[in-house]
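Worksheet for the structure shown next.
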Amino acid sequence: MNDSSTETLLAERPDLEPAVRAVLRVDAERDGWDFEAVPVDSGAFGELVARGLVERDGDGYRVVDPSAVRAALDGTGSGRRRASTTSTWSRTASLGTSLSNSLPDRSSFLALCGALAFLVCLRLLSLPSVLRDRVVLSGNDPYAYRHWTEETLSAAGGTLDPAVLSDLPASVALGEPLLVATLWAASALLGGASGPVLAWYPVVAALLSGVFTYLLAHRVSGDRRVALAAVALLAVIPAHALRTGLGFADHHAFDYVWLTLTAWALAALVDREDLSFGGAGYALALAVGVAGQTIAWDNGPILLVAVGVAVALVVPVAARDRETLLPVSVPLLAGLALAAVTTHLAHVRLGWHTSTVAYAPSLLLVGAGGVLLVGEVAARAGSDRVPVAPAVLVVEVVGATAGVLAVRTLAPGFWSDLLTGVGRLFADRSIAEVQSLFASGSAGWLLLFGFALLLALPYLAWGLRRGWRGALGWLVAGAYGGYFLALAAVQTRFAGELSPFVAVFAGFGFVHLAGWVDLAPLPRPLRTDGGENAPLHLPDRRTLGTLAVLFLLVGGLGMVQVPMKTGLVTVSDEQYGTAAAVEADADARALAEEERYVLSEWGRNRMYNYFVAGEAASYGYAFSNYAEFVGSSDADDWYDRFEGHVDYVVVAEEDVTFANTAGGHLHHEYGSRTEEVPGTAHYRAVHVSPGGEYAAFAVVPGATLAGAVANESTSGESVDLATNVTVEGASFTYERRAAVEEGEFAVTVPYPGTYDVGGERVTVTERAVENGSTVRVGDGGKT
């Protein structure tokens, strides 16, 4: 073999240059090596064997003529081939090869459609709870987005008027403006149908994140079976299903789309070996992903850290293995620059986000540019005496430390905002999603991932190892997976962001397991036959059944947990019935919107207030007061504390700890007196759910029954009064006892009706209860 053979191969297949360099490096480091020792896919490796660059050497392999191969790579061979940036601009043929490899053939396309259909089906389990006589969203936060979407629709007059985007309320403009803008635009296009749009948007997001997960898995593994397995396992990861189920319209599902798009684009960019225009598409995808995840959520910059981590790991390896990093640097920096410009314009033109959030991509651009510059210098000046990759890593650490100190000194406001964000990340709160995924004594990780996480972890470590040896796509996927695993270890809310990467590595592990038990060939990176991807074929019935059993072993627990986790966030029939009953009562009383506030457990507070008052912007008051209210000893003491802010109270049975608390007394006795509790004056039951889990009360001034007893000397005695009450879901006798002081008694009651007062009958009207009127009783009542 001579150097012209290598030149010819590289001229025909420029995409094989990384494989040639990797094989040459390993061959120089060791005598005799096997396929597993080189970070090269089996297809590329088979081509090197077929073209005579590599040959068998006993039980291993060797490069046939290392000097000739090195001369061809360095441009000193007979063909004077040089890997210069001038010639690489013309290599547009590699784009066609890349695209054709990423597009599935007919059988793979049908299999992908089947996997995505499986994913969508598991996201529709909440359909009966969501699509009722009207759309009933799941969870709590989705009602805030529904509220703001409808407010934006109203401000725009039901039209697609972009002017409203620069006049969003501060809580939206500084929170999730892109999500609200997207939901508003979709609703406006569908004639103002915000309910269906919000209900279906998480399913669409699940579908898109599934597609990008497929593309990422295929990009790094080169094996469509791995990519299909990744989508199938993503479908049964409860952490992902919880956030992307029909009706659960919070911001997380939206974030998953930008996150997986960014990871796929970055993995594609780092594998490029030339400056052909084929990289422009990936650069644009990276720009869209980075800008999208930044302005979609006020904590979006924390997701961008994964890009920085991936770049920081990729550059040392690329500097070690390549002559230049320009094929990576140019499209990567172009994509980040476009993202930085986009977020800047959104900030200054639309008023979206604080400067800390809006300029996070700019900070990422500067950091990535510095790292890539260091890598370029190291690649061009590469020395055999200094290990390139570790040296670049040391420079990165020193540079990052200097950057942190510079930001702290030169931009104290920015630094303060960063510390605030980090403080929120590590804050100790009682909300479940901010607890650690691996909290002591908790099996949350198992319930949110099933066995997929256990299967993925060793392959995540393998991917990072393989990436460090030169397979940069694996390094990107591993960096993302490791970063979000660390975040989820701090707060469970990031389990959903971790899910696509768990799916990628678990999918690879699943195919490896299938190959290990001879159900299918090994994944391409683990094969030594050099075979290319063949069209997928439906296996025979026995193999298909065994694969199904294997899939159930891996994903079965997740499949069980998906409906259980989905059921935790859907609105139950009793909850929705309670909300509808309170809404009907408020309508019957012709209450204005500001007279309809419902105090309830904070996790359902937005739902109740959306249906009753049409307002669901915040649950802050309920979060601060509900638990204290139901646990207090006297509900009437709270009437003055409410100061007219609370108009209804919904008490859940599960929140009642003791019968003699305010919550227990209302839920069990509906405000009537007992031996331990004297009764309440301002809480009128309006609905009790069929199973008794929820009781709703109107907060009213109450009518005061007052009168005199026949003998004025009977101070210290009392007068009993009672009336029969029937409300939706319950019938009971409301009883009170009024103390007699100097021959007079007075007691306030919340229920209209005919009362028996010490043997006399007196009628209390609805108007008297609503107005706080006094109703006089004759002088004959005495006990």
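Cβ coordinates come from backbone N, Cα and C, glycine included.
Long-range neighbours of the transmembrane segment (109-131) within the same chain, counting only residues 6 or more positions beyond its ends whose Cβ lies under 8 Å from a Cβ of the stretch, are 137-138, 199, 202-203, 206-207, 210-211, 214, 224, 227-228, 231-232, 234-236, 241, 244-248, 536, 559, 562-563, 566-567, 569-572. Annotation comment: TrEMBL describes 109-131 (among others) as transmembrane segment.
A Cβ distance under 8 Å defines the sequence-distant neighbours of the transmembrane segment (198-217), meaning residues of its chain 6+ beyond its ends; these are 102, 112, 115-116, 119-120, 123-124, 130-131, 135, 137, 142, 145-146, 149, 182-183, 186, 226-231, 234-235, 240-241, 243-249, 253-254, 256-257, 259-261, 263-264, 267, 477, 500, 503-504, 507-508. Summarising the annotation, TrEMBL assigns transmembrane segment to 198-217 (among others).
In the predicted model, the domain 'Oligosaccharyl transferase STT3 N-terminal' (200-326) shows an average pLDDT of 92. Residues or ranges marked as domain 'Oligosaccharyl transferase STT3 N-terminal' in TrEMBL: 200-326.
Feature annotation from TrEMBL assigns transmembrane segment to 226-246 (among others).
The transmembrane segment annotation in TrEMBL covers 277-296 (among others). Distant neighbours of the transmembrane segment (277-296): 89, 92, 94-95, 98-99, 176-179, 251, 254-255, 257-259, 261-266, 268-269, 303-304, 307, 327, 330-332, 334-339, 342-343, 346, 352-353, 357-358, 360-361, 364; these residues of the same chain sit at least 6 beyond its ends, with a Cβ under 8 Å from one of its Cβ atoms.
TrEMBL lists 302-319 (among others) with the feature transmembrane segment.
Positions annotated as transmembrane segment by TrEMBL: 326-346 (among others). Non-local neighbours of the transmembrane segment (326-346) in the same chain are 85, 88, 177, 265-266, 269-270, 272-275, 279-280, 282-291, 294-295, 311, 314, 318, 352-353, 357-362, 364-365, 368-369, 372, 375-376; each lies 6+ residues outside the stretch with a CB under 8 Å from one of its CB atoms.
Taken from TrEMBL, the feature transmembrane segment covers 358-379 (among others).
Within its own chain, the transmembrane segment (391-411) is flanked in space by residues 312, 315-316, 319-320, 367, 370-371, 374-375, 378, 418, which lie at least six positions past its ends and keep a Cβ under 8 Å from the stretch. The feature transmembrane segment is assigned by TrEMBL to 391-411 (among others).
Residues or ranges marked as transmembrane segment by TrEMBL: 443-464 (among others).
Long-range Cβ contacts of the transmembrane segment (471-490) within its own chain (Cβ-Cβ under 8 Å, at least 6 residues beyond either end) map to 39-40, 216, 219-220, 263, 266-268, 270-271, 302, 305-306, 309-310, 313-314, 317-318, 425-426, 436-438, 456, 460, 463-464, 497-498, 501-502, 504-505, 525. Here TrEMBL flags 471-490 (among others) as transmembrane segment.
Sequence-distant contacts of the transmembrane segment (502-522) (same chain, at least 6 residues past either end, Cβ-Cβ under 8 Å): 213, 216-217, 220-221, 223, 225-234, 237, 240, 449, 452-453, 455-460, 463, 477, 481, 531, 539, 543, 546-547, 550-551, 554. Residues annotated as transmembrane segment in TrEMBL: 502-522 (among others).
The transmembrane segment annotation in TrEMBL covers 543-562 (among others). Cβ atoms under 8 Å from those of the transmembrane segment (543-562) belong to residues 122, 125, 232-233, 236-238, 241, 446-452, 455, 506, 510, 513-514, 517, 519-520 of the same chain, restricted to positions at least 6 beyond its ends.
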What stretch of 226-246, 302-319, 358-379 shows the most Cβ pairs under 8 Å to the transmembrane segment (443-464)?
-> 226-246
How does the domain 'Oligosaccharyl transferase STT3 N-terminal' (200-326) divide up by DSSP, counting helix, then strand, then coil residues?
-> 100 helix, 0 strand, 27 coil
